[in-house]
């Protein structure tokens, strides 16, 4: 079906001329010939990698653990202590308008350097619940003109047809226990300025947005807000609105800007208002110093030591195996292709 | 040629990916159901007490569905949508690599290889059966006149080229009448049309390559057929011009196996009958008294050399004899019923009493590198079937010379034949029995079957034949029709084998379309096959590179890419699931929607896309150790168990990332956005290291993509952190300033990767796969030991149990000769009895008209 070159030769010339026309372009990429580095897992490389990891991880682990141990932390659970003994229905008590003042004493076991951070810790409180975490309106918080932007705030969006500022479940459930501290009858000043993120204050909460219709609905959630102070200065609210990812979390309450000496007794007068009793939550008061790594948390240190140790163990094990049972890499004796008995 | 409607092809790998996707989908549904129920239970027991969530006492009717639907939303990323896009991208690139490959460009015609179907490159690496055509695929389909025998004198026996044989040249120049007549028949007894080019060269347009070769050879011997105008043929012989008037053309059919011309010599007005054809179609009709023993010997000798033979004969017709016959011929030509048969019968009446002049021998060379290619691919565990329209002897000859079958004692060729259904059945059973016995022996057993027997086997003994197909690594099917070729492909496919069909002509189109992969040789028989095929290559030997290099790399790369895509989707999904346990099973998403989107579309897809450049072994190593293809054929790199490994890895990494995130960022640091970014960073770091660890060879592009992507992650997040309107305003800046962030990230990386490295190292060193061993050998620069089986085997030609091929002359190895018309058992069977046995059997309804479609060259 094809015509072939005829009596004369001359077909070779034409192929030579055509040779380059249809030929694809050459490049190292198109020919898959890019220079490549081909590492292999030699015992030396692998064992040194493990050794290196353990050599780096163990000191970092020790440092982290030391940093964590250096932190002085006083944790005091008060939710059960601050209920009078004769109260059987804790939920009814906490929801009543009775005076819920309570006094506790914290023992400073170790010298605490200023600043001492005051946290409240809630356990079993799901700030990350889907209904909860979305129930806010960033537009409304930021700008005065957007105060009717409450569609995302359900079910705490409107009261009597008027928009709630700040709306949503998060703001509505604002924590409202208060603490005051004294040492030897001398009151300690609690600095509540600058406890929230600066970026939140400057960009997320407007300076001309004032609370409106807040906690006016039939069910009262948490704290009330002073309607004459703009949201930007309501730092407790700003801190609270940074929702926690875990059901156990601490939020900054304030700072004590003086040292607490070892052996001192800190008297705390607190108003136990916040309802954690209906869901068996715990409330704790935490005084803590801080280091470069943050608060007291042994996890990183222990984890580093574990991983470092594990890598060291692996390096050791591989070394032993390497010497006890040396294996030549690329040994052709492992290359037998006996897969078809009927084949060659 | 009947094309049929090609079905869209799906690779085995795509099927496996679909299966795994289905499994993941079921897993997803289970997760959603379990979490949905758990969520509703938690809501009814716990959340009602969580006053700050303010669940209404009585919700709407669809409330039960909300939590499951939330989880469905969270888990919808479990099945990576990006996998389809990524796969399409890389598959396009695999195809491009084939198109671009300089080592697969046919330099003779400067045809590059071409991947028409860009979606099935992985299948190339999983081929188990190759069904190949013969003429034009294994051979060059370039016929060259090599030898001849004129009235008992052999020319070209000494130097293998009759055109350079001094004796023949002398015979021609001295005007020996037999030689001249022989040349005349060579030059004009055909359907060739000469055309004159501008430069004065004469170009021939021939339908058959054999005729072309003969005309060319005659021209070389100064018998130049230079013009054909209407019925007048003009031949130049030694500067004298001879004219002939064609009176009738008795065409070639594969049943008649000869063609003749009736023409009038314009010089003296004589009417001549010139014939050429197969020996069994010419020699029985020699004039009484002529000794044909010489010619039979010549044909036998040539056939054993593998040459295609044709006998040339002539006789003079009396005027009245011609006139009488001419009327009958015209009448036969104008009949409507059974025309072909009638014409053949009439031709028969004039084609007798012939003066046999001699025998021509034409060689069809095997393409370069065919034996090596077949040997390499066979070592790679690929079974070869040869499906050809040619006859049995020819096929066996060519099969022997290209390593297709091994001679005794290493190989054994079993024949299935028989004229009747019963004979075929018995023959089939016998072969099957032998095959079962010999499977345990290290012997290459092949079977040979012809179209006739194949028809019975396919229609009545399909089960037995299928079993035979499974047992046999090699088969030769001769005299098969295009539809039988397709049926054979179908049988192998039905046994769940990956089949590759390769051919060059229109009669291969159906087989090419039917097979999992169709490869067309863009050769001399036109582009029909190449157009219908998924891949077109210039030469058969490129098949080696196509399968071993391109197919294998494609398979490996896709195996990694697809499983990795599942890994990364599952990783993020598992973290979401874990997070739901600490968020009141309410279906809260830990990650914001921008991060989730960017994770799938950007962070995790860029590094893995460069895995198309990954090479586990160098091309040379693979070609040297073709057995390594087994890992692809058996699907060792992508199957439920490797997938389980990746599943486990993603579960493990999710646990690592999640536990470290929530413990390192506990208490006062447990801010939602921060924890979310810590976990996301952990995922990004881990996936970068996973890709790095699974990469076998790093080019600059891989480094750029893997580490650049990591840098890109931070760049993008810093940009988002700089936008006051975004939810994660300042988050990334805050995190990057915290030592605890970096400490957590390194912890995740080390904790996530060190067990994987340890396991990989252990396997690599102490339980190495063959791939690992070759990698080590290749990269440590040690000598790559050539395996025992790679040594070239001596290839003596030894007789088989079917057709005795006693080779009398030493055989030239590379140019392979093909006996076109030697006496094979079939040939004798067909021509026994009346010469038109075929037409009688045609009336039996069960017979297909297969021989009519056979290739005629």
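Cβ atoms are placed via backbone N, Cα and C, with glycine included.
Annotated features, as they stand in TrEMBL:
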BINDING   B:133, B:134, B:135, B:211, B:252, B:276, B:308, B:388, B:389, B:390, B:479, B:485, B:507, B:508  ATP binding site
COMPBIAS  B:823-857  compositional bias 'Polar residues'
DOMAIN    B:530-769  domain 'P-type ATPase C-terminal'
TRANSMEM  B:20-42  transmembrane segment
TRANSMEM  B:570-591  transmembrane segment
TRANSMEM  B:646-667  transmembrane segment
TRANSMEM  B:705-729  transmembrane segment
TRANSMEM  B:741-762  transmembrane segment
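Taken together, the residues of the domain 'P-type ATPase C-terminal' (B:530-769) have an average pLDDT of 92. Largest CA to CA distance in the ATP binding set (B:133, B:134, B:135, B:211, B:252, B:276, B:308, B:388, B:389, B:390, B:479, B:485, B:507, B:508): 30 Å, whole number. For residue B:389 (ATP binding site), the Cβ neighbour count at a 10 Å cut-off comes to 29, with all displayed protein chains included.
Its Cβ placed at the centre, residue B:133 (ATP binding site) has 30 other Cβ atoms within 10 Å. According to its DSSP assignment, residue B:507 (ATP binding site) is helical.
In three-state terms derived from DSSP, residue B:308 (ATP binding site) belongs to an extended strand segment.
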